[in-house]
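Asks: Below is one structure. I have some questions about it.
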Amino acid sequence: MAPHWAVWLLAARLWGLGIGAEVWWNLVPRKTVSSGELATVVRRFSQTGIQDFLTLTLTEPTGLLYVGAREALFAFSMEALELQGAISWEAPVEKKTECIQKGKNNQTECFNFIRFLQPYNASHLYVCGTYAFQPKCTYVNMLTFTLEHGEFEDGKGKCPYDPAKGHAGLLVDGELYSATLNNFLGTEPIILRNMGPHHSMKTEYLAFWLNEPHFVGSAYVPESVGSFTGDDDKVYFFFRERAVESDCYAEQVVARVARVCKGDMGGARTLQRKWTTFLKARLACSAPNWQLYFNQLQAMHTLQDTSWHNTTFFGVFQAQWGDMYLSAICEYQLEEIQRVFEGPYKEYHEEAQKWDRYTDPVPSPRPGSCINNWHRRHGYTSSLELPDNILNFVKKHPLMEEQVGPRWSRPLLVKKGTNFTHLVADRVTGLDGATYTVLFIGTGDGWLLKAVSLGPWVHLIEELQLFDQEPMRSLVLSQSKKLLFAGSRSQLVQLPVADCMKYRSCADCVLARDPYCAWSVNTSRCVAVGGHSGSLLIQHVMTSDTSGICNLRGSKKVRPTPKNITVVAGTDLVLPCHLSSNLAHARWTFGGRDLPAEQPGSFLYDARLQALVVMAAQPRHAGAYHCFSEEQGARLAAEGYLVAVVAGPSVTLEARAPLENLGLVWLAVVALGAVCLVLLLLVLSLRRRLREELEKGAKATERTLVYPLELPKEPTSPPFRPCPEPDEKLWDPVGYYYSDGSLKIVPGHARCQPGGGPPSPPPGIPGQPLPSPTRLHLGGGRNSNANGYVRLQLGGEDRGGLGHPLPELADELRRKLQQRQPLPDSNPEESSV
C-alpha cells in the first residue's frame, strides 16, 4: 500500500500543472461486475490435473481455438467453447528426473509447458514446449488433432528452457522467427530465424546487441505491400533489457523495440549467418512533466488495420513510484518507429567509456536498412553483397540515438495499485461513423478492464472479475466472432466483447459510452449495434453530457417498486441506495422534494455505505423516500421506500431488501441454539464435579486428629542403635515438635539394626511406620498427611496411644531426637492430619 504522502504529492503535482491529468490518471471504471454477475455471460473450462493455460491461438477460418497448457493441448469451438480434441504431451520420467537432478523444481519447472503454438500451414500446427528444460518441437495434425509420429525436433532457439522466461515468436511463410534464451542457464539470448527455404539467421552474442532481455512480443508488418521504394517486409520484437548506454544507472532496465528484415541473408564474410539489418531503439512510456517513467515492459499488442501504414502498438508497462506500484498503457505508431530507425545512431566512445551520438558521416548504403530499389540500382541485390565496412558498422552500432515516444507524448492510461499483465484491442465503427479503439486489459488479480480510446484520453467502461485472485496468463480476441478468451493457471474463460443487456434504461445504456451497444427505441432495450438498424438506435460515445437525449426520444422511465418500512420512534434508520454507476452521485427526495446532502440532527448521507441515515426517526419523518443515481445530468431512479414511524422503545434498524435465502438464516439459528445447549450441559457437568470435590474435602476435615493408629501387638524390639555411618548428621530438635508438644516423625529416617540383615519387625509404637517388606506408605491412612508424617501426642494422659503407659520409651525418644539435626534436603511439612 502506498503511503498517503506519495499519493497526495503526486496528485498535487498533477493538479498544479493543470494539463488535464484527470483524463488518464487513475480513472475509475464506470461499472464493476463481479464473477457472480458474469455467471450467465461467460463460459468456463477447467480439468483436473490441467494447469497453466499459457498459449492461445485462434484460427478464424475454421472457428477453432487451440490452447497450450502444461503437458496438454486442446482444441475448442470458439462460439460454444466445446472441447473438440485433447492431446497429452508429457515429458518422459527420465527427462523429469534429469531436470530435478540439475537443481530445478519438480513442482513448477520440470514439466512440458507449451510456449509456442501457431498454424504452420492449412493442415498442421507447429508446437514447441519446454520439455523439462530440454525444449522440443513437433507438428500437430489439425484434422485428427494428433501429434505426428516420429522424432521430436530440437527446440533450442525456438522455445525457452525455463517456463518463467520471456519468449516471442511467429511463423511467416513457413519460416519461424523466435526470440528466446538459447541455453540451459538462460545466459545466451537470441533472435533466430530457421525453417523454411533460407538458412538460419541469428543475432550476435554481444552485450550491446542483447543484454539480459525479457521478450514479450513480436509482430510481422508487410511493409513491401504498396511500397514506392521497394521496401522489404519486417519483423519487430519487443522486450526489456538492461541498458548498456546509461551513464548513471548501470542496472537500469529499459523497454526496447528491435527489427529485422524478412529478406536478410547475412553477410558474405562479416556477420555470416548473422542479421545485417538488426537495429534496436528505446521505447519511452513516460510523462516527464509529471516525473512518471515506465520501463518495465510487460506485454505488447499489435493492432493491424486494412493498411499496414496504420499499424498501432499498445504496450503494457509497470513502474514503482516511492512505495506505490503503477501500471500504464502507451500507444505507439508505426511511422514513429520507422522515423527513429531512419535517424542517427549511438556509438560507444572508448576514451570516455560511454555511449553518445554518432556524429561522423554515415556510410552508404545506409547500414541496417533493408534491400530496396536504391540498393538494386546500385548493384546490391542481397545482403550478401554488402561491403564489409557497412557490415562492421552495423555490428558496432545496433542502437539508435533517438527513442520512440508514445502517441500524445504521455500514457493513455495510468492506474495505481494494479498490475496490468495483458492487452488486446479492437476497432469498432460507431453509429456516428467514427472508428473507436476498444482496449481489453488483463490484471494480476484476475480482472479485465474495458476502455474506449477517445483521442488523447480514454473512458473506462467497466471492470469484470474473470478469475478469483489469479493472474491473467493469456488473452486473445476473435475479430470475427467478437469473443474474448482468457487463460489463468486453473481455467479458460470465454466472454463476449459486450453485454448490452445489463443496461436496463436508456440513460444507463447511453452513459456507458460503449461503442458495441446502443439503445433501441422500438424495443426499449440496450442492444448490440451490429445486428440492428442505426436509424432506430441511440448512441453517443463522445458526448459526456447526455441530459435530455433519452427524454427527447420518448423513452420510458423505469421506477423500482418502493419497499414498505416500519420503524419505532427514536430509531436511527438506514436506507441503502445502490447506484447504477461508480461515477454517479446519490440524490434523495422526501415527499417529492429534494433533500440536502446533509441536515444536522435529521438526515445524513453516508457515502461509504451509500445510504441515507435518518437519525432518531420521528413521526414527521414518515413518508416516501426516493433515491436517484445522478450522472452527467441524467437522473436514474435507484431505490424507493415508504416509511412509517410508530411509538415504542428505541432500537436501530436498517432497511434491507427481503431475504432471499431465509432457509440459511433458520439453519444458522438452529446451529447457534445447539452450540448454546452443549455449552450449558458442559457448565452443569463441571458444576456437579466441583460440588462432589468440595463434599469430599469437607468429610476429610471432620476426621482430623480423632482416631489413633491401631497397630498390631508384637514383641518388644531390641534397643535402637545408631547406624554405623561416620558422616551421620544430628538433627536439630527445633522444627520437629509442634507447638502443642507433638513430635514429627519422617518415615525413612529410622535407626538401623545391627548386623547387615533385614531388621525384625518392631513392636507397635505410636507413630512408628507399620512393618512391611520395605517401608509402609502412610499417605492414605488416617492421622497422616500426604508426606507420610504421623503426629504423636507425647504429653498428657493419653501419651501411650495403645492404652498402656510407656513413659520411659517416650522420654527416650524425645531425648534421642533432640540430639539429631535435620538433614540438608529435608523440609518436613508443618501440617498434619
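Cβ coordinates are placed from backbone N, Cα and C, and glycine is handled just like the others.
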Asks: Which of these, Cys500, Cys506, shares a disulfide with Cys517 in Swiss-Prot?
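Replies: Here Swiss-Prot pairs Cys517 with Cys500 via a disulfide bond.
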Asks: Look through Ser46, Ser474, Ser547, Ser742 and state which residue has the annotation phosphoserine in Swiss-Prot.
Replies: Ser742
Asks: May I ask which of the glycosylation sites Asn121, Asn310, Asn419 is closest to Asn106 (N-linked glycosylation site) if we compare their C-alpha atoms?
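Replies: Closest candidate to Asn106 (N-linked glycosylation site), judged by Cα separation, is Asn419.
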Asks: In angstrom units, rounded to an integer, how far apart are the Cα atoms of Asn121 (N-linked glycosylation site) and Asn564 (N-linked glycosylation site)?
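Replies: About 67 Å separate the Cα atoms of these two residues.
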Asks: Given the glycosylation sites Asn310, Asn522, Asn564, find the one whose Cα is closest in space to the Cα of Asn419 (N-linked glycosylation site).
Replies: Asn310
Asks: Given Asn310 (N-linked glycosylation site) and Asn564 (N-linked glycosylation site), what distance in Å do their CA atoms have, once rounded to a whole number?
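Replies: Asn310 (N-linked glycosylation site) and Asn564 (N-linked glycosylation site) have their Cα atoms 59 Å apart.
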Asks: Look up Asn310 (N-linked glycosylation site) in the DSSP assignment and report helix, strand or coil.
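Replies: Helix, per DSSP.
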Asks: Using a 10 Å radius around each Cβ and counting other Cβ atoms from all shown chains, which of the glycosylation sites Asn106, Asn121, Asn419, Asn522, Asn564 yields the largest count?
Replies: Asn419
Asks: Indicate whether Asn564 (N-linked glycosylation site) is helix, strand or coil by DSSP.
Replies: strand
